[in-house]
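Per Swiss-Prot, these features apply:
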type: COILED; residues: 287-474; note: coiled coil
type: COMPBIAS; residues: 125-135; note: compositional bias 'Basic and acidic residues'
type: COMPBIAS; residues: 186-196; note: compositional bias 'Low complexity'
type: COMPBIAS; residues: 207-220; note: compositional bias 'Polar residues'
type: COMPBIAS; residues: 392-401; note: compositional bias 'Polar residues'
type: REGION; residues: 119-138; note: region 'Disordered'
type: REGION; residues: 173-220; note: region 'Disordered'
type: REGION; residues: 384-405; note: region 'Disordered'
Amino acid sequence: MAAAQTFSANCDPVNFHNLQSYPSESVTYSCKMGNVSSLMEKQDFPNEGFNLDFRPFPEPSCKRGLHQKEFLSYLNITKKEGKNNKKFPSGLGFRREHSLQAEENDYPVFYHKDHRGTEFSKSSLPERGHSDKSRFGPSALKSNVKAFMSIQSLHQSTNKLSKSNGSLNTLGCVGSPPCRGPLQPSNSHSNNPSESGNDEDDDSLSDSKQNSINSLNSYSPSFTVARGQISASLGHINHIGGSLDRASRGLRDTMAGEKGTLSCRNMATLSRLQCSGEPPPPYEYSESVEDVARQLEKRLQEKGMEAQQLRRNASDNDDPFTQVFEDKRRLWMEELDELKQMYMSKLQQISQQALRSQRALQLQLYKVQQEKKRLQEELNSLQGENEELRQKQSQSDNSGPNLEDSKWEISQKAGEISFLKQQLRDSQAEINLKLGEVVSLKVQLREAKALVKEKEKESAELSDCLQALEDVKSQTPVDLPRDSSDTIDVERLRAELMLERRQNEAQILIFETERKVWKEEKDKVLRYQKEIQSSYLEMYQRNQALERQVLELRQGVGQSLSSPASWMDTVET
C-alpha cells in the first residue's frame with residue numbers, strides 16, 4: 001500500500017497540565033501490518049509482524065498518560081443497553097447491538113429522523129465476490145453535515161465534559177507519576193516480508209481508494225507508548241461519545257489519516273464529544289503492565305488479520321465503503337474545525353473576563369490601599385492626641401506639689417499684706433494727727449503775726465511821739481523841770497519799746513524754730529507714707545500675680561475654688 005498514516009501526539013502543557021503517566025520505563029509496540037477494517041470477517045494471520053520493544057524515550061513531552069484501569073476500560077467497553085440508545089439533537093443516532101457471545105461482535109446501527117436505519121454488521125456488509133449486492137440503504141450514503149452530530153449536540157456543560165468518558169481528565173490517575181517519554185508514533189510502517197506476497201494484488205488500486213481503505217485502520221501504523229499507557233489519540237478516537245462502535249472508530253482513524261498529525265489539544269477536544277452527560281462505564285482493574293501489553297498485542301494481531309482480509313477483498317467492496325467513510329471523514333473534519341473555532345472564541349471570552357476581573361480587583365485593591373492609608377493617618381493623629389493628653393496628665397500630676405507650695409506662699413503673703421495694711425492705718429492716723437497739729441500751728445502763726453503787726457504799729461506810734469517830744473524839747477529849753485519829767489517818761493517808753501521788740505524777736509525766733517520742726521516732721525510723715533504706699537502697691541502687684549498663677553493652676557487641674565476676693569477676706573479675718 002502506498003499511503004501511510006501517522007499520528008503525532010504533541011502534548012500541549014496548557015491544556016494537559018493534569019495528565020500523568022508511569023515514570024521511568026516505556027514500552028514500544030511496533031506493528032508491521034496493513035490497513036484494518038473491523039467490518040470484515042476474521043481470518044488466520046501469522047504473528048510474525050508483532051513484537052514488543054521496551055526502551056526509554058529521550059525527552060519527555062507528555063504530562064500524563066493512561067492508567068491501567070482506564071486502558072482496560074477502553075479495550076473492554078461493555079455498556080448497558082439503556083445507555084447506548086442515545087439520540088442526537090440533529091436527528092441522527094447510533095445504537096450498539098449487543099450479542100450474547102463473549103467476543104466483541106457488537107455493531108452499530110445508524111438511525112435517521114424517519115426511523116430508517118442502516119446496520120453495520122457482518123450480515124450487512126458485502127460478501128466476497130458479491131460487491132454489487134451491498135446491503136447498505138440509501139440513507140447510509142448521505143453526507144449531511146448538520147444531520148450528523150451537530151455542534152450544538154456536541155457542546156456540553158463543563159461539569160458534563162469533566163465526567164465525559166473520552167476526556168483526558170478522567171483517564172489520568174492521581175497517584176500516577178509523570179511521564180518520562182513522549183508518545184512517538186512512527187511516521188511510516190513497512191510491511192512484513194511475509195506480507196509482501198499478499199500485497200501484490202493491491203497495486204492496481206487507485207490512490208484515493210487506497211487512502212480510503214487505509215483510513216479504516218483502527219489502530220494506525222506502528223507506534224510507541226510509555227509503559228503502562230496507550231496513546232491518548234488512540235483512546236479518544238476509539239471512544240468518542242462513549243457508545244460508538246468499530247465503524248465510528250474507523251471513521252475517526254479516517255479523519256486522523258486525512259489530517260496527518262493531530263495535537264493533543266485536538267484529541268482533548270474530540271474526547272469531549274459526548275452526546276449526553278451519562279456517567280462513564282465501570283472500569284476494570286488491570287493486574288500489571290505486561291497484561292496490558294499482552295492484550296494490546298492480541299488486539300493488534302486481530303486487526304492485522306482483518307487488514308489482510310480487507311486487502312484481499314478490496315477490489316470487491318471498496319466502492320460503498322469509500323463513499324460512506326469519505327463523507328463521514330469530511331463531516332468529522334468540518335466539525336473539528338468548528339470545534340476549534342468555538343473553543344478559540346470561548347478562550348477569548350474567558351481571557352476578556354479574566355482581564356475585566358483583574359482590573360476590578362486592581363481597582364478594589366487601590367481603594368483598599370487608600371482606605372488603609374486614611375485609617376493609618378487617623379490612627380497616627382489619635383496616637384498624637386493620646387500622647388498630648390498623657391503629657392498634660394503628667395504635668396498636672398507634677399503641678400500638685402507646686403500648687404501646695406503656691407498656696408502656702410499666698411497665705412504668707414496675705415499675712416504680710418494684712419500687717420502692712422495695719423501699719424498703713426496707724427501711719428494714716430499719725431498723719432492725721434500731725435496734720436491737726438500743723439493746722440493749729442498755722443493758727444498760732446497767724447495770731448503771732450497779727451500781734452507782731454500791732455506791736456510794730458505801737459512802736460511806730462511811740463517813735464513818732466518820741467520824735468515829736470524831742471522836737472518840742474529843742475524848741476523850749478526854758479522849762480527844765482517839766483523836761484526832766486518828760487525825759488523820764490521817754491526813757492521809760494524806750495525801755496518798754498525795747499522790751500517789746502525783744503519779745504517780738506523772741507516770738508519770731510520761736511515761731512521759726514517751730515516752723516522748721518513742723519516742716520521736718522511733715523517731710524518725715526510724707527516720706528514714710530510714700531514708702532508705705534510703694535510697698536503696698538508692690539505687695540498688691542505680687543498678690544495679683546500669685547492669684548493669676550493660682551487661677552491658672554486651678555484651671556489646669558480642673559479644681560474649682562472660691563473667688564480671690566472672698567479668699568483674701570477670709571485670710572484677713
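Numbers here mean position along the shown chain, with the first residue as 1.
Glycine too: its Cβ is placed from the backbone N, Cα and C atoms.
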Residues from the same chain, set at least six apart from the ends of the compositional bias 'Polar residues' (392-401), whose C-beta lies under 8 A from its own: 553, 556-557
The region 'Disordered' (384-405), counted residue by residue under DSSP: helix, strand, coil: 22 helix, 0 strand, 0 coil
Integer mean pLDDT for the coiled coil (287-474): 84
